[in-house]
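Enquirer: Copying in the features that Swiss-Prot gives for the protein in this structure:
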TRANSMEM  4-24  transmembrane segment
TRANSMEM  35-55  transmembrane segment
TRANSMEM  87-107  transmembrane segment
TRANSMEM  134-154  transmembrane segment
TRANSMEM  211-231  transmembrane segment
TRANSMEM  242-262  transmembrane segment
TRANSMEM  272-292  transmembrane segment
TRANSMEM  305-325  transmembrane segment
TRANSMEM  330-350  transmembrane segment
TRANSMEM  386-406  transmembrane segment
TRANSMEM  416-436  transmembrane segment
TRANSMEM  462-482  transmembrane segment
Amino acid sequence: MNDFPWLTIIVVFPISAGSLMLFLPHRGNKVNKWYTISICILELLLTTYAFCYNFKMDDPLIQLSEDYKWINFCDFYWRMGIDGLSIGTILLTGFITTLATLAAFPVTRDSRLFHFLMLAMYSGQIGSFSSRDLLLFFIMWELELIPVYHLLSMWGGKKRLYSATKFILYTAGSSIFLLIGVLGISLYGSNEPTLNLELLANQSYPVTLEILFYIGFLIAFAVKSPIIPLHTWLPDTHGEAHYSTCMLLAGILLKMGAYGLVRINMELLPHAHSMFSPWLMVVGTIQIIYAASTSPGQRNLKKRIAYSSVSHMGFIIIGISSITDPGLNGAILQIISHGFIGAALFFLAGTSYDRIRLVYLDEMGGMAISIPKIFTMFTILSMASLALPGMSGFVAELIVFFGIITSQKYFVISKIFIIFVMAIGMILTPIYLLSMSRQMFYGYKLINVKNFSFFDSGPRELFLSISILLPIIGIGIYPDFVLSLASDKVESILSNYFYG
């Protein structure tokens, strides 16, 4: 056990520091913004330092572990720890949240509350990724929903209350299944409740009970991922939310569902996962095609990007369902890759909206000459989204393909069919992404808005775009930087139960 409570400090620091904003001037928007950015940068540096000097990549076991008795009455522990599966998502959370606070500079209404909610969301997300106790995981999972709901309902488009209500109904409703699963799995077959994830990983259950647990957790994580048909909250939410909130949703929140699928469904319930994986494979394949074919019909720019996120999450589901070393590694790489790409596209969509106050693609056109820097960045990041070689998305999707090909679980005909359908989805992706760029930047200038300001990307926006682009290219050129973090943990998960 680590002597210094690194993870506790990393989890508690953002929300604690955010609470001090109550003492800052009410109208001091610049003070609030720079204070929040300073907190995020300090948190990211602290996280990076703690991981660089204390995390051993060749060790698949839990590291920086903390185990404190929290509530004596119900034998509840504050258990924290990281491994190769969670370290990437925690660093991604820190990076995207820091950039999202910088992207939120134009927010002036209730900026103190806005930035506090972002920091509270930050704590909840890192807490979810670093929890080693099932009940603590559930508490952090729920804690993160509260600031998200308020960010959605108070800042955004005209239908923001509708989208926020839809979001909370879906996520809070699915959390009931998560809570039932947590209580059921902890109380089974033991005189004392066991919530420790390390002990639960070695627990075995009757087949029927394991299937019931699996379904409960699957529903909760399918809503967050999202997996069709539980995805309908996502386009509405992205369509109405402020773009800095969209960056956090696409970059981090969706990845929590995929993380839960691996951490709980795959690691704790291996036999049920082996039984359900063919069905998940089918759903993931349908999801790629469905979202890629639905996206071109969306007039709203942010909704079109949201459907592209649904399509890309299909690759993660397929990688998890392949039950192979390359497949799971590819899924983890896609989690990180899409975190950057999704956040970048929503940021650029937001910067365009700041200038023309339009979200409907058929009302745009001919902006390439007026805003060449934004046009260039949007084009490059669209290429990243359609998995151009040299970008992170290409490597992730390619490794997922290898995962399906090398899988021992599926017949050759099944594998050929799945790869064929995935290939169709990859062909549809350039259609909706390139048509989106064409409608925005090419053709005649259709914009008819009074007093619109056509100034190009400023230093802040250019810095933000390049900051997200660099890791996308870096991972595309050298994916082993991410894969080496998780490879030992992936082998540890897969060695437990498959085909043994």
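In case you wondered, yes, glycine gets a Cβ from its N, Cα and C as well.
Since the structure is predicted, the reported quantities are computational estimates derived from the model, not experimental observations.
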Enquirer: If we skip the immediate neighbours and take only residues 6+ beyond the ends of the transmembrane segment (386-406), which ones have a Cβ under 8 Å from one of its Cβ atoms?
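Expert: Cβ under 8 Å, 6 or more out: 312, 315, 318-319, 322, 324-331, 333-334, 336-338, 340-341, 415, 418-419, 422, 426, 429-430, 433-434, 471-477, 479.
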Enquirer: How about long-range neighbours of the transmembrane segment (35-55): same chain, 6 or more residues beyond its ends, C-beta under 8 Å?
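Expert: Residues packing against the transmembrane segment (35-55) from afar: 2, 6-7, 9-10, 13-14, 17-18, 21, 24, 63-64, 82, 87, 90-91, 94-95, 97-98, 101-102, 115, 118-119, 122, 126.
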Enquirer: Examine the transmembrane segment (87-107) against the transmembrane segment (416-436) and state whether at least 3 Cβ pairs sit under 8 A, considering only residue pairs 6 or more apart.
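Expert: The answer is no, given that the two segments have fewer than 3 Cβ pairs within the 8 Å cut-off.
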Enquirer: If we call contact 3 or more Cβ pairs under 8 Å (sequence gap 6 or more), are the transmembrane segment (305-325) and the transmembrane segment (462-482) touching?
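Expert: No, the transmembrane segment (305-325) does not contact the transmembrane segment (462-482).
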Enquirer: With contact taken as 3 or more Cβ pairs under 8 angstroms (pairs 6 or more apart in sequence), are the transmembrane segment (272-292) and the transmembrane segment (134-154) in contact?
Expert: no
Enquirer: Cβ under 8 Å, sequence separation of at least 6 from the ends of the transmembrane segment (242-262): give me the contacting residues as numbers and ranges.
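Expert: Result: 85-86, 89, 92-93, 96-97, 99-101, 103-104, 107, 118, 121, 125, 128-129, 141, 144, 148, 151-152, 155-156, 217-218, 220-227, 234, 302, 305-306, 309, 313, 316-317, 320, 328, 331-332, 335, 338-340, 342-343, 345-347, 349-351, 353, 493.
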